[in-house]
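Right, one structure below, let's go through it.
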């Protein structure tokens, strides 16, 4: 047992070494390194495999004996200041190690197929290995200083990966946005770390928690200052885990390659914030006000993310907002004291969301040769539809991930999400309603994504550049009236202008076969040149095998925390594992199996309603009458129509939050810079330059006055005496 614990330092070292060696080869021997790029990828995968084996052995030992192991050695020692470097092995560490390594190795295998035609193939694996090593170092850290170091490395790697295609302006802007937004959180995190060091005199977790609790009980620390430091510390997870109001970087992060989107949004960067809150949970739970802030931040983020995902047209962006919403669930659970439920949802969501993102990557990879390689084309769900026929494995695995995220039993997320909703009701009815409403919205937008992507008929062939819009009846009479016989230079010009009503018409009309519509068009507009229609095809095995592997935990991983039918909850494997960590709150757990069934019925009902609503609006055509649109047309008017349009604009414009930030911070900073420039140029420089100009002018005047002419002196004397007499007379 001791041997495997002593080998824990190898875990982050394995991917770090492969990243450094391949990176140096790419830097100094670029052509030679690129010529053996497949060997480089295999070496990255093998090095991470070694780390994965060690992590699983560590977890096995933890499950058996529930012991906590910490090893540290002195790094800096200068009087009272002692900084140590080492690693900590406890249940939380093992959970995160297994999560990060298992998802990362699957993403690496998947990336071999997805990035095979990219010139930056080797560079991508270098960044990916460094990213994984940074996250593994973060979760092994036994103190706040070491966490902060790896925290910054994770942020740097995310900057490199989001901006991987840096020649694309949108990607360059996205990585800068992510970096700057996270700077705000990192600054708060640093202030919080320094504040707690000032209070307790230690960076080590055990000493920090014990010392702070004793000081708080003995009233030796100001509660206000403690709350301030904890709030600053919480600012780091708010930015890193995309919590409101520092969530704005997350959808733009979709500019990076899809495999890294899966890793960032499943097990690494966004999970780092949740991990830090869980790690600092013994400290936060002593401050009820901070716990309330955490819970409400999570609740607002969960609901906001769900509403922003409501009418997204971009496949990856819809999944990004889904991630934001689910991270809100986790933060909410930790804030209400449901430590186990928060970690449980972190585990189940990681595998389900990784499956969904890799599935979306398979779709995008197949769509690019047909519609183009721009993200607003290959990721646009308007061009998709019917992909399950052409990509059955991708479609089936994507459906499994969707069912899991919606909370449908027996899939993984059902068990964790249901527990969060139940515990939310015990904490506060308001938060309970938010959690329940978010569950319904999640089911709606996730199945909206699934239906638009995989069901119906393939729609990309219905759009041909420079084709009269009226020739293919996809937009209804309204579109014909608006565009007439004008030709569309780009389909995207039409797509971006579409309203919710027109988009609904588009989906309804596409329940008929696209081939039939195009056949009618060809009959009406014969052409001498034959038109060939392309269809997506299933991805190769290097991309399909990871999807099939991730389907297994998506279906089964939830059972590690599922309640056993013995009349009591908390007797499952996850609870047994976490009991040694001492952070469970049994009073917040449901009491028995029957109560769990009652709560489950409620959550399943609201999820089913969301699925049914999505099915009505976006589902397959076979069970719907063709005049369904006319039947619901009156319902789209009035207050309901206003609500739909408002939600559409709310979703498309990201809740107007980016616009507010642009007005307040960007334009405000520009105005402040202009005012500063004006003050510097005309006031500061004016005083300096004015002094010189005044001296020069005075000197010139005196030079001309001292010309040596008696008449000038006499005139000056008379003029001066006249002025003096006038002043005296005025005074008298």
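Positions of Cβ are set from backbone N, Cα and C atoms, glycine also.
What you are looking at is a predicted structure, and each value in this text was computed from that prediction instead of being measured.
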Check: Looking at 147-167, 441-461, which one does Swiss-Prot call transmembrane segment?
Finding: 147-167
Check: Counting only residues 6+ away from its ends, which parts of the chain sit with a Cβ under 8 Å from the transmembrane segment (544-564)?
Finding: 102, 106-107, 109-110, 340, 344, 347-348, 351-352, 354-355, 358-359, 362, 393-394, 397, 400-401, 404, 410-416, 419, 538, 570-575, 593, 596
Margin query: Cβ under 8 Å, sequence separation of at least 6 from the ends of the transmembrane segment (353-373): give me the contacting residues as numbers and ranges.
Written below: 103, 106-107, 110, 114, 258-259, 261-263, 265-267, 315-316, 319, 322-323, 326, 379-380, 383-384, 387, 390-391, 394, 397-398, 400-402, 404-405, 453, 460, 534-539, 543-544, 546-547, 550-551, 554
Notebook entry, point to check: Excluding the flanking five residues on each side, which residues at least 6 beyond the ends of the transmembrane segment (395-415) place their CB within less than 8 Å of a CB in that stretch?
Noted result: 322, 326, 344-345, 347-349, 351-353, 355-356, 359-360, 363, 387-388, 439, 442-443, 446-447, 449-450, 453-454, 547-548, 550-551, 553-559, 561-562, 600, 603-604, 607, 610-611
Next item on the list: May I ask which of the stretches 89-109, 147-167, 604-624, 712-732 has the most CB pairs under 8 A with the transmembrane segment (184-204)?
Entry: 147-167
